[in-house]
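Novice: Before I ask anything, here is the structure I am working with.
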Amino acid sequence: MLKRDMNIADYDAELFAAIQEETLRQEEHIELIASENYTSPRVMEAQGSQLTNKYAEGYPGKRYYGGCEYVDKAEQLAIDRACKLFGCEYANVQPHSGSQANSAVYMALLNPGDTVLGMSLAHGGHLTHGSPVNFSGKHYNVIPYGIDEAGQINYDEMEQLALEHKPKMIIGGFSAYSQIVDWKRMREIADKVDAYLFVDMAHVAGLIAAGEYPTPVPHAHVVTTTTHKTLAGPRGGLILSNAGEDMYKKLNSAVFPGGQGGPLMHVIAGKAVAFKEAMEPEFKAYQARVVKNAKAMVGQFQERGYKIVSNGTENHLFLVDLIDKDITGKDADAALGAANITVNKNSVPNDPRSPFVTSGIRVGTPAITRRGFTEEDAKDLANWMCDVLDNIGNEEVIEATKQKVLEICKRLPVYA
């Protein structure tokens, strides 16, 4: 018999200490990594539920094991809510991650060696969009497209590459692009060469759900996303489509049994909660503030003489190009981290430095907005960051900035 008062603190002091330390770090550090966010206690309650005990290979109503009648209800709720939230006929909520969702799309629609057109990682794409170190770059013939000198996706170049190479699939989406993507134009290009349009909207799914960023769903054959990031749910993946039953069968088979076995029912329950939360008015207001805060920070960085890739942002993130400042992304990351400001070093277009050093940092506002930062707070934060970057290695500036960070974190806790 398992007693409900069993806990980690009394049993595993080392692990409990690590959890407590991470909890404190999240409260006392400003989180600016664009792919990170804080999920709600309701989502965490679902993830800590007894649904974790149930094996449920297959899909609702078509399981390989018995006793799935209640987890079927939970998964169907997640499916129905995802379809309603994003306006689609089909949703698969089982992928354990965004990368596994993307892998399933490749498996469903392509054969090894097929040609794919994807955004270059160096220009803002993602590992799973054809990077040579990833399965997508190893198993498929990848033709990269990028951005022009103004920092915008070059659709004319994309069309020329498509006409020349005749890809079977064109991939839209990004991990470090701050502008609006023209999904309609991408579909037109795909149709000219009879290619699938596959969009990975992981970074902007929350903005799309709230109407703050154009949706790719009416244009793409298949759309994937993570369920964390701007969507603020549990860590996991999601596949969406409106392309018909044949497509849905291929996608389902590619997830199970093609790439995964048993789904994580406790995480799927967390997704169901997050999708319901994303339909609330306060979620829409939150996403609007995410964009406003990003724009406020960009304006302040520019006022202080820092170059922003694409000269601004239309979503939740932006890249600060530090080449002219002769600061590496690695050094900027470390200095800001010492002031309790968490960012990630990031390559910028035509970066002369390696991906392990880089010449830029990526900044995102979902997490700070989640804890209540206003536009004025965002401007103050950008100024503090500029103070640190203007004085790289100055311990007094770093310490003074850290104290400001601790004060605002105390005023705006993540979990009150």
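Using N, Cα and C of the backbone, Cβ positions are placed for all residues, glycine too.
I grabbed these lines from Swiss-Prot:
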- LEU121, GLY125, HIS126, LEU127, GLU245, SER354, PRO355, PHE356: (6S)-5,6,7,8-tetrahydrofolate binding site (BINDING)
- HIS228: site 'Plays an important role in substrate specificity' (SITE)
- LYS229: N6-(pyridoxal phosphate)lysine (MOD_RES)
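Show me how these features fit into the shown structure, please.
Specialist: Counting only same-chain residues at least 6 apart in sequence, those with a Cβ under 8 Å from the Cβ of PHE356 ((6S)-5,6,7,8-tetrahydrofolate binding site) are LYS330. According to DSSP, PHE356 ((6S)-5,6,7,8-tetrahydrofolate binding site) sits in a coil region rather than a helix or strand.
Within its own chain, HIS228 (site 'Plays an important role in substrate specificity') has SER35, GLU36, ASN37, THR39, PRO234, ARG235, GLY236 as residues 6 or more apart in sequence whose C-beta sits under 8 angstroms from its own.
LYS229 (N6-(pyridoxal phosphate)lysine) carries a helical DSSP state (H, G or I). In the structure as shown, the Cβ atom of LYS229 (N6-(pyridoxal phosphate)lysine) sits within 10 Å of 28 other Cβ atoms.
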Novice: Counting Cβ neighbours within 10 Å across all chains shown, tell me which of the binding-site residues LEU121, GLU245 comes out on top.
Specialist: LEU121
Novice: Rounded to a whole angstrom, what is the largest C-alpha distance between any two of the residues LEU121, GLY125, HIS126, LEU127, GLU245, SER354, PRO355, PHE356 that the record assigns to (6S)-5,6,7,8-tetrahydrofolate?
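Specialist: Max span of the (6S)-5,6,7,8-tetrahydrofolate binding residues, Cα based, is 45 Å.
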Novice: Around HIS126 ((6S)-5,6,7,8-tetrahydrofolate binding site), which residues of its chain at least 6 apart sit with Cβ under 8 Å of its Cβ?
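Specialist: Non-local contacts for HIS126 ((6S)-5,6,7,8-tetrahydrofolate binding site): MET119, GLY173, PHE174, SER175, ASP200, ALA202.
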Novice: Quick one: among the binding-site residues GLY125, PRO355, which has the most Cβ atoms sitting within 10 Å of its own Cβ?
Specialist: GLY125
Novice: Helix, strand or coil by DSSP: which one applies to GLY125 ((6S)-5,6,7,8-tetrahydrofolate binding site)?
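Specialist: In the DSSP reduction, GLY125 ((6S)-5,6,7,8-tetrahydrofolate binding site) maps to coil.
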